[in-house]
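Sequence annotations record features per position, and here Swiss-Prot assigns signal peptide to 1-19 based on sequence analysis. The feature disulfide bond is assigned by Swiss-Prot to CYS122-CYS128, CYS185-CYS307, CYS482-CYS485, with sequence analysis given as support. Taken from Swiss-Prot, the feature transmembrane segment applies to 166-186, 211-231, 246-266, 299-319, 326-346, 360-380, 387-407, 418-438, supported by sequence analysis. Feature annotation from Swiss-Prot assigns domain 'Thioredoxin' to 435-567.
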Amino acid sequence: MAQRIFTLILLLCSTSAFAGLFDAPGRSQFVPADRAFVFDFQQNQHDLTLSWQVKEGYYLYRKQISITPTKADIAAVQLPAGVWHEDEFYGKSEIYRKRLNVPVTVNQAAAGATLTVTYQGCADAGFCYPPETKTVPLSEVAAAIDATPTPAVTQTGETSKPAAQLPFSALWALLIGIGIAFTPCVLPMYPLISGIVLGGRQRLSTGRALLLAFIYVQGMALTYTALGLVVAAAGLQFQAALQHPYVLIGLAIVFTLLALSMFGLFTLQLPSSLQTRLTLMSNRQQGGSPGGVFVMGAIAGLICSPCTTAPLSAILLYIAQSGNMWLGGGTLYLYALGMGLPLMLVTVFGNRLLPKSGPWMAHVKTAFGFVILALPVFLLERIIGEAWGLRLWSLLGVAFFGWAFITSLQARRAWMRIVQIILLAAALISVRPLQDWAFGSPSAQAPAHLNFTAISTVDELNQALAQAKGKPVMLDFYADWCVACKEFEKYTFSDPRVQQALGDTVLLQANVTANNAQDVALLKHLQVLGLPTILFFDAQGQEQPQARVTGFMDAATFSAHLHDRQP
């Protein structure tokens with residue numbers, strides 16, 4: 001008897017274990033959106049809290065969260081800082097993991113008032129959900145006398161990394177500040193400024209001279225930090241507008257004009273009357289005293305020379321896009337500190353540490369013009385796409401390395417020949433994308449892609465299945481916001497093995513980027529949780545559930561899957 005019971009248990013375990021061998025490789029291991037991102041809300045009079053419990057291995061996109069009131073007035077919602085996630089197609093995006101709490105201040109809500117909350121997320125395994133929309137009913141709330149927005153709480157979980165939002169870290173601001181110090185408008189002024197800071201006294205202890213120079217630099221840094229905070233705060237209010245294509249194009253034009261001013265095409269500075277007033281205010285301060293030196297530094301931060309106006313404006317405009325006040329203030333502080341380091345050295349050690357003035361200072365100014373030109377390319381790349389973005393980077397690289405090579409020809413030193421060879425090689429490498437675009441290249445030819453027939457509704461799908469004429473059908477769901485869909489397109493569908501395996505298959509594709517009513521109806525009808533999802537139908541128009549693919553597959557795996565699904 002005991003042996004029979006043992007045998008029965010063994011058979012049951014074996015059945016459970018071997019059942020997994022017959023599972024389809026494409027069967028979804030992903031949970032529905034409501035389980036991946038558990039949404040909840042709680043209202044206490046004017047205070048409303050929206051919360052998401054994010055399942056392990058999933059994340060929400062910060063920029064995809066929108067909150068729209070109906071019959072209600074709410075304070076400006078400030079989403080907490082997230083963590084940074086990077087992929088090949090969309091670059092860096094701010095995301096939330098584990099748990100997200102968003103406080104909302106309800107200034108006034110009439111009877112029947114609601115909030116429409118839209119959000120979207122993905123799985124780390126390469127599976128994205130369509131945007132989810134929830135309607136939050138609001139309790140009736142009378143208008144408060146003094147309704148102020150509640151500051152957003154921080155996300156629990158991973159540590160945010162706001163500095164990663166910029167293509168250059170805040171440390172670059174320090175290096176840019178040091179570089180600006182060696183432009184022709186700034187470097188010759190350091191000995192004069194040093195004398196003013198010391199109050200005309202030549203015999204001061206090293207410690208006293210260093211202290212006065214440091215105080216002057218801190219005064220200058222205070223002005224720049226305040227500018228950074230103000231601009232970042234203003235950018236925070238208009239952050240969504242700053243991502244609009246027209247605004248990005250406008251910013252790109254402004255950055256280009258700033259770069260042209262660094263090339264000497266025109267001069268950009270404060271009006272002379274305002275500069276004169278600031279200079280007179282600075283001259284009234286007493287040099288050699290900590291208080292007077294600090295005020296002189298603060299005023300000096302407002303007097304922008306032609307060499308510093310363009311880089312400062314570029315940094316301020318870029319900070320406005322981040323909307324991060326800590327990053328804005330810190331970046332401008334490091335920028336001012338970089339400009340002040342040479343001044344501190346001159347004040348303590350004298351002019352002997354400064355390099356001699358010469359044409360090289362104009363070259364430094366021009367080089368910063370090329371640095372500023374990188375910002376328009378970075379902004380336009382979001383609009384024009386990866387291919388054209390690469391061509392713009394190529395054009396900028398050719399221009400910079402070509403200019404540097406021509407400039408280096410004036411040098412007489414032998415070791416500069418090595419530098420010239422490196423610059424020439426860099427220019428030749430940079431020109432390759434432009435060469436492939438203009439003349440074509442066998443190695444650079446875009447791979448052939450599958451020729452899909454577009455469908456958008458259930459009726460169109462049924463009609464396409466009826467017209468398949470006894471052939472198997474593959475239906476691919478695609479959306480612009482689906483990273484893995486783009487990976488399928490670039491790496492899998494372009495593979496010759498995949499194209500050969502699909503030679504006798506009718507190819508359909510549903511683009512659900514808009515996520516409108518007919519898209520939602522199609523997804524619901526076919527029980528599609530998210531993207532990428534690929535469905536297969538047999539010659540009779542019946543879906544083969546075991547062949548369904550959810551999540552990304554590389555070319556080899558997908559090709560094997562296509563062969564395995566064949567009857």
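Each Cβ is built from the backbone N, Cα and C atoms, and glycine gets one as well.
These figures come from a predicted structure and were not determined experimentally.
Mapped onto this structure are the features recorded in Swiss-Prot.
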{"residue": "CYS122", "record": "disulfide bond", "contacts (Cβ under 8 Å, 6+ apart)": "TYR58, TYR59, TYR61, CYS128, TYR129, VAL483, GLY530"}
{"residue": "CYS482", "record": "disulfide bond", "contacts (Cβ under 8 Å, 6+ apart)": "CYS128, LEU531, PRO532"}
{"residue": "CYS485", "record": "disulfide bond", "contacts (Cβ under 8 Å, 6+ apart)": "CYS128, PHE477, TYR478, ALA479, LEU531, PRO532"}
Contact call for the transmembrane segment (360-380) and the transmembrane segment (387-407): at least 3 Cβ pairs under 8 Å, seq gap 6+: yes
Cβ neighbour count within 10 Å of CYS128 (disulfide bond): 20
Annotated stretches the transmembrane segment (326-346) and the transmembrane segment (418-438) touching (3 or more Cβ pairs under 8 Å): no
Local backbone state of CYS482 (disulfide bond), from DSSP in three classes: coil
Whole-number mean of pLDDT values that fall within the domain 'Thioredoxin' (435-567): 88
